[in-house]
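To start, the structure itself, in structure tokens.
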Amino acid sequence: MFSGSSSPPKDKSNSVPHSGAVDTQSLSVHPEEGSAAQTSKSLPSGGFFTRRTSEDQAPAGEKKRRSSTVTKAATFFTNAKNSLSLSSSPRESSSFNYTVRSPQTLQSLGSMDPALSVPQGSLNNSAGDSLPTPRSSFKVGVTEDRNRKCRRTMEDTHAYLYNFLGTPAPLARADGENEAGSSLAPDEASSVVETDNGYFAIFDGHAGTFAAEWCGKKLHLILEDIMKKNPNTPVPELLDQTFTTVDQQLEKLPVKNSGCTAVIALLRWEDRIPSSHSATGSSALAPAAAAAAAAKGDSNSEADDTPTQATSSGPSILPKLQEKAIRQRVLYTANVGDARIILCRNGKALRLSYDHKGSDENEGKRIANAGGLILNNRVNGVLAVTRALGDAYLKDLVTGHPYTTETVVQPDSDEFIILACDGLWDVCTDQEAVDLVRNVPDAQEASKILVDYALARFSTDNLSCMVIRLDTNRVKEVINKTAEPIGVAGDPSMDVEHGVSEADKIIEGARKSMANADIADDGETAEKGKNDILHKMVDGEPGPEMSLDDSNDAPTVSHLNKTNANNGIP
């Protein structure tokens, strides 16, 4: 997304920001006028022998001043070279280009963590191989392009799952004891529980690929684990907690400079009840039941100091709530940075994300209040986004708290979803993207059309685009109960013996592959080996992100069927 010490510049004519360029002529010493030897003509500057002759003919005071100037200039040049990783090879001596480093990958860590050893699935899916089933109500298409004319490396990753974790039953206990697809550890007899709950994500890396690759392999697993432990917590809060956890784990790794923007979406089946307190007009049954049980328990405790009444109030409330509940399709989103998610509703583009850029007034105020500053629309003059995962060296300013939304899908009007990095949005508006692919029923073809359009419009960044085409007829059948319900604990299709989530099944396959290769993934030896590998990776770590792009477009947010949770945005 952004050019940095590990990425090539977007334009050869602007290979390095002006603030980082060093004029080689500043290292030449120009003797002051008044010297007896220079009253008739000036000697050419820049040569070694010229400087030596000038020093021999100049007074001692001038020699000392010039020596001090040369020392300071040399020190400045050395520091600039180290911070920007300037190349000093003869082939590149004519211009200051960033040194080409091998992209950081997680291959060396795969032997220590099954999640990091999962092979790429179809369409280069970082989460592994995930395919639709006859009961799937959506189809995913993904196209990515390095943009080789402008980029030497591909720093984007993406992930998706067709059968993400099932929606928990109301008042389910923590750790997923009552949750479909998560009650048992995967084993040889385990099978994937078909949930029709989708997970989609795009990670746009900068200053190397490490953070983006790590998130592509791990974020959905962290999210699933948090959802299992908090089955009655609203999903937007769980998304915020997941991003915070990911940020904390990345900060502990030695690769401090790598970071990524992120946009993720969850498409879930939920039993929901009407709610006047929700912007969507309804709320999920599980959190509502938990809140009602807690409220009734508190009132009973005040009337009678009997603690058992609080715990027994839940089952008595649940039947009343279930009578009002209806099955609905819900889309949850979360993003940090400038990757976007767009929902097409009746042909209109609805943006369900927020561009966290230095040009945004709200984000600029937040950065200033945190002790930073915005220079040339960049955080401290370095990073073009104000929120990201990773970037530990700027973590006091660049937070990982996401912007979250909650949208109830309207099957009669909601057609498809677009997730893409800024490589597309820099040259294409939200509505243009919708208009380009609205009449393209195939999701894969639609994603390719958008990437090709961005290349034709001279996008200078890596390109990743994901299109999720909704099967409106299938959604209507489930909502109208003309088809068997799916996705929520308690449904007949969820009652699978030794059933596990799709993510758990993929990890189990990777663990078996490691076992067949006689590679241990636990114990002190594995942990020590993991730390040794990580510390070795630090030696080749790219420098901080240096963005050459200057985007002045102000973000616009579509306020439709959305709720904000822990966004920190006024």
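Each residue, glycine too, has its Cβ placed from N, Cα and C.
Per Swiss-Prot, the feature region 'Disordered' maps to 1-72, 108-144, 295-318, 516-570. Per Swiss-Prot, compositional bias 'Polar residues' is recorded for 1-28, 119-136, 306-315, 553-570. Among the features that Swiss-Prot reports, domain 'PPM-type phosphatase' is placed at 139-470. According to Swiss-Prot, the Mn(2+) 2 binding site annotation covers ASP204, ASP422, ASP461, on the basis of similarity to another entry. What Swiss-Prot lists as Mn(2+) 1 binding site is ASP204, GLY205. Residues or ranges marked as compositional bias 'Basic and acidic residues' by Swiss-Prot: 525-539.
Annotated features taken from Swiss-Prot, shown on the structure.
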residue	record	Cβ within 10 Å
ASP204	Mn(2+) 2 binding site	30
GLY205	Mn(2+) 1 binding site	36
ASP422	Mn(2+) 2 binding site	26
ASP461	Mn(2+) 2 binding site	27
**Request:** Can you see whether DSSP assigns GLY205 (Mn(2+) 1 binding site) to helix, strand or coil?
**Result:** strand
**Request:** Summarise the model's confidence over the domain 'PPM-type phosphatase' (139-470) as a mean pLDDT value.
**Result:** 85
**Rounded Cα-Cα span from ASP422 (Mn(2+) 2 binding site) to GLY205 (Mn(2+) 1 binding site), Å** = 11
**Collapsed DSSP category at ASP422 (Mn(2+) 2 binding site)** = helix
**Request:** Go ahead and report the DSSP secondary structure tallies for the region 'Disordered' (108-144): helix first, then strand, then coil.
**Result:** 9 helix, 7 strand, 21 coil
**Fill in**
According to DSSP, ASP461 (Mn(2+) 2 binding site) sits in coil
